[in-house]
Amino acid sequence: MNRKDIMLQRQLQTRMVQTGKAPVYEGGSPVNPPVVRASTVVFDNVAQQRDLRARRSGERVFTYGARGNPTGFALEDAVSELEGAYRTRLFPTGLAAIAMTLLSYLKPGDHLLMSDAVYEPARKLAESFLAPYRIRCTFFAADGSDVEGKIEPATRMIYAECPGSLVYEMCDLPRLADIAHRHDALLVCDNTWGSGCQYRPLALGADVSVMAATKYLSGHSDVMMGTVATTEAAWPALSARSDAFGMTVSPDDAYLVLRGIRSLAARLAMHEQHALRVAGYLQSCPDVRAVFCPALPEHPGHDIWKRDCTGTNGLLSFEFQPQVTREAADQWIDSLELFGLGASWGGYESLVTPADLPSARSVTDWSGHGCIVRLHIGLESPDDLIADLGQAFDAISRD
Ligand SMILES: *Cc1c(COP(=O)(O)O)cnc(C)c1O
């Protein structure tokens, strides 16, 4: 059995620790790969330079800083392990990864089917940038139920996000993969929620999986990065287009994300445990109408979550009762002491942010709902977090 086969037999948690190691030096080697800062790469002779340049579009060779660096290569390998991918490219942000994915596979005249539940800037990109380039976009219901009917002869990509942003709608990814492939289209999935641990789109039939490594992979709210992991068939188009656009990341940032990945499984397990405690508390609060988290049996799509996910994370959202006004909901948020008010998530700390569902969805009408708030439950003691949430409910002024 060769090394690759042995690695594949091992559990994902083991592979995450084993992958992307430092080179061996005489006298021993450090645990972690070095940060290799480089723009120019120098060669021994012209023949070697020509040879490496000829091979670089297909193979991973180190020829110039814009084509990636060894620290980034180690991170790419770690992400490929997480995603079960052929290979991975790194991008300066999660949004850049999404943009490059759309630009790599779509051309003028093509039609894109995008989930109603996508990260909002992805929707804006499709509407404001792709449309003038004659790449049309239609949104499909977050649960994927209307996809078949919305396929057109020109549809070349189905772009899903599962669970969806803000309220975590589940879709049946293997079914979407089947529809996409029957119509000569690619299935892309934003996998930031699952982070390659709780959900693995490529194993469920997707061709391309995109993640904002800014979130759980980095895990410490101090670095921006995006990743795109693909099957072997989908790789050449992404790789060529990313090279054409000069997409790369700094080795220092790659080092930080690789370091974050080493503790990813442990952090996610703790985020999950704390979030489920808080979810149970919120469900018992009279001001709360609904709690959104796919691990809850009441959640629509819970059965798909059970089938396709291995756990949940620190994200949960909830809806206030309709009589709680916008002002009171804002007052509740402002009263929290342990939750930072901010976008993004996936760091070790708890966060809160209002979620404007009516403006984030166009297929489903969310206008009749109470105010919705998104929480990211961090690694703090859940008892302290619950006490903080409780004092904020007490602080709401009531008529
Ligand atoms: C945050 C996020 C992104 C974008 O990542 P950035 O690194 O902030 O650009 C993309 N998709 C999802 C689902 C996200 O939550």
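FYI, residue positions are counted from 1 along the chain as it appears here.
Cβ from N, Cα, C; glycine included.
Secondary structure at Lys215 (N6-(pyridoxal phosphate)lysine), taken from DSSP and collapsed to helix, strand or coil, is coil. The N6-(pyridoxal phosphate)lysine annotation in TrEMBL covers Lys215.
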Report summary line: Row Lys215 (N6-(pyridoxal phosphate)lysine), column other C-beta within 10 angstroms, all chains, value 23
